[in-house]
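S.K.: What TrEMBL shows for this protein is this:
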{"type": "BINDING", "residues": "Arg63, Gly88, Asp161, Leu162, Glu188", "note": "S-adenosyl-L-methionine binding site"}
Amino acid sequence: DEAVRGTCEDASVCKRFAVSVGYWKDPYIQYFVRQAKERKAPEINRGNNNSPGSVCVPGYYARVHGVSHLIEAFLKKTECNCQIVNLGAGMDTLFWRLKDENLLPRKYFEVDFPMIVARKIHNIKSKPPLSKPIMESHSGDSLLIDSHSLDSSRYSIVGADLRFLSDLEEKLKKHSLDVHLPTLLVAECVLVYMTPQQSANLLKWAASTFPVAMVINYEQVNMRDRFGQIMIENLQRRQCNLAGVEPCSSLDSQRERLLVNGWENARAIDMMKVYSFLPQADVKRIEALEFLDEKELFEQLMQHYCICWASKDSSNL
């Protein structure tokens with residue numbers, strides 16, 4: 001678990017660097033993480049996570065835009081009369097960015113290890129640009145906050161282990177999770193650190209708990225080829241074990257995992273496909289930011305990450 005928690009720091013540092021170079025705007029990441037001293041490779045900033053020699057860091061431009069596109073589509077389809085549960089959220093800043101865009105759901109939940117949650121709450125309490133938007137969106141009774149949880153009327157952060165579902169559900173319901181609301185669950189480089197059985201249990205729990213729901217999963221794919229094996233070996237050298245790599249063998253296996261665990265419709269596309277869907281004017285802008293001399297590596301990286309999404313919809317949204 002310690003190595004998995006360490007990926008949160010790596011992710012945040014890399015995100016902040018990509019933002020500082022100008023890949024996308026995020027005025028809040030600076031309050032959660034120090035500025036990176038070292039320059040990150042362009043293929044990391046543009047693409048996904050890690051070259052074969054680096055730790056699995058949740059990644060950058062294509063991922064941010066791909067996941068954001070699906071989140072915004074869900075919010076607009078439900079007219080924000082919904083809730084979002086961000087699983088393994090780390091130092092993610094989505095709540096603040098959605099508030100700026102006037103796209104806040106009725107309630108936004110984050111879940112992560114208690115140690116990570118404690119650090120995030122400390123940052124929120126000590127940095128007015130983070131605490132002020134929570135207070136502005138809060139109504140009703142006084143805001144509840146302790147070392148491992150924060151609960152306001154629109155934003156909650158919960159310290160829990162996703163492998164223990166009864167504890168997770170109890171804590172979310174204590175913070176006013178409404179199982180009857182359309183619910184979006186987001187998991188970015190999270191399921192791969194759980195055993196296949198544990199991630200299956202989590203997906204099955206979500207599908208059986210919410211009558212109208214969507215799940216977005218961003219993680220590795222095509223991990224049985226040589227490039228995938230090198231990625232796994234390099235992560236193992238850093239004591240970072242991908243316990244759940246088995247369902248990441250192909251796009252079909254990613255879809256199948258969702259379908260067999262109670263989701264009605266599922267799709268999966270690799271990040272090279274996502275990159276080709278991005279607005280070409282913006283792609284030209286970001287390609288001018290840094291010279292990319294390893295196009296083959298970039299394409300290989302993009303083919304080893306994917307976005308999968310699935311839904312179940314009793315209301316025909």
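First residue shown is number 1, and so on along the chain.
Glycine is no exception: its Cβ is also placed from the backbone N, Cα and C atoms.
Keep in mind that TrEMBL annotations are predicted by a computer and have not been checked by a curator.
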S.K.: If you measure every Cα to Cα pair among Arg63, Gly88, Asp161, Leu162, Glu188, the residues listed for S-adenosyl-L-methionine, what is the largest value in Å?
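M.R.: Output for S-adenosyl-L-methionine binders Arg63, Gly88, Asp161, Leu162, Glu188: max Cα distance 24 Å.
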S.K.: Over all shown protein chains, what is the count of other CB atoms within 10 A of the CB belonging to Gly88 (S-adenosyl-L-methionine binding site)?
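M.R.: A 10 Å sphere around the Cβ of Gly88 (S-adenosyl-L-methionine binding site) contains 23 other Cβ atoms.
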S.K.: Out of Arg63, Asp161, Leu162, Glu188, which of the binding-site residues has the smallest number of neighbouring Cβ atoms within 10 Å?
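M.R.: So among Arg63, Asp161, Leu162, Glu188, the binding-site residues given, the one with the fewest Cβ atoms within 10 Å is Asp161.
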